[in-house]
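Annotated features, as they stand in Swiss-Prot:
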type    : residues                     : note
BINDING : 47, 48, 49, 64, 91, 109, 116 : S-adenosyl-L-methionine binding site
REGION  : 292-319                      : region 'Disordered'
């Protein structure tokens, strides 16, 4: 499933984007913040969750890999009376910023923030002309680097897996032909090409460029790898009884979170015909339902919530069995380092 992850209205809708914390009531219920607790918000963004957690009396350590978000949050930090700490960091490194006694909760809201989509110069939106960038931080490979340098076979895999784009081959070959004449520099350069190659049909609910832009953003920022590493980091950083709450917006992310909690449940079973058997001590037990979606009322008020899924678990006393990325069965894609030139 492909979705906008930017806030109040989707890119496909074409309306203004504003920040509305998704599933806020459900996130707070799963986290259970209270005075004396320390909660880590791994995706600070515009500070929606962090603000609500502070209001509930807990202290917050908030991370964001985007220096713009950290700068924008300074006023909130100063107003918190020392209860909010802001850190410029990837959330995959969250264990490095946890107190020695451990965390009482970790919340992750996966995806691009409304602030990033709003800024044309960040290059996240195909509806806003800007440099073809898409990096959540200033470092690393840009989307333009990928589009202009990646092999056609690599582009097909990136668009097909990360964007679930059925026309990946056609789009990749058109990119190869165009870049041989003129390199891609702006978001409109790429969006216009995609519109020409795969014109929008009356029945289409999303813009033809939606899936390719999603795929490039996920690839450039290694979002799936970051999420996988962050889940293992949270397992190490949470104290017994601490809670891990993750909100995702499309099937690739949700599959990773679901797989993680299943793997850490202490149960294993090969088919629906065989009973589950204990594999090892569980490191997480479920909080409420296995998956929580937004109510119809919230989805109508905030279109971003339509595809949101929340999964949560409580950390047990069992030791972490260690990080094993193979449980996620992620595909091997092109090397970001190689594409950087």
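One is the number of the first residue shown, and numbering goes on along the chain from there.
Keep in mind that glycine also has a Cβ here, set from the backbone N, Cα and C atoms.
Taking every protein chain shown into account, 49, 91 are the binding-site residues, and of these the Cβ with the most other Cβ atoms within 10 Å belongs to 49. In the three-state DSSP scheme, residue 49 (S-adenosyl-L-methionine binding site) falls into the helix class.
Taking the Cβ of residue 109 (S-adenosyl-L-methionine binding site) as centre and 10 Å as the limit, one finds 25 other Cβ atoms among all the protein chains shown. Here the region 'Disordered' (292-319) has, by DSSP, the following mix of helix, strand and coil residues: 11 helix, 9 strand, 8 coil. Here the Cβ of residue 48 (S-adenosyl-L-methionine binding site) has 21 other Cβ atoms within 10 Å, regardless of which shown protein chain they belong to. Ranking the binding-site residues 47, 64 by other CB atoms within 10 A of the CB puts 47 at the bottom. In the three-state DSSP scheme, residue 91 (S-adenosyl-L-methionine binding site) is classed as helix.
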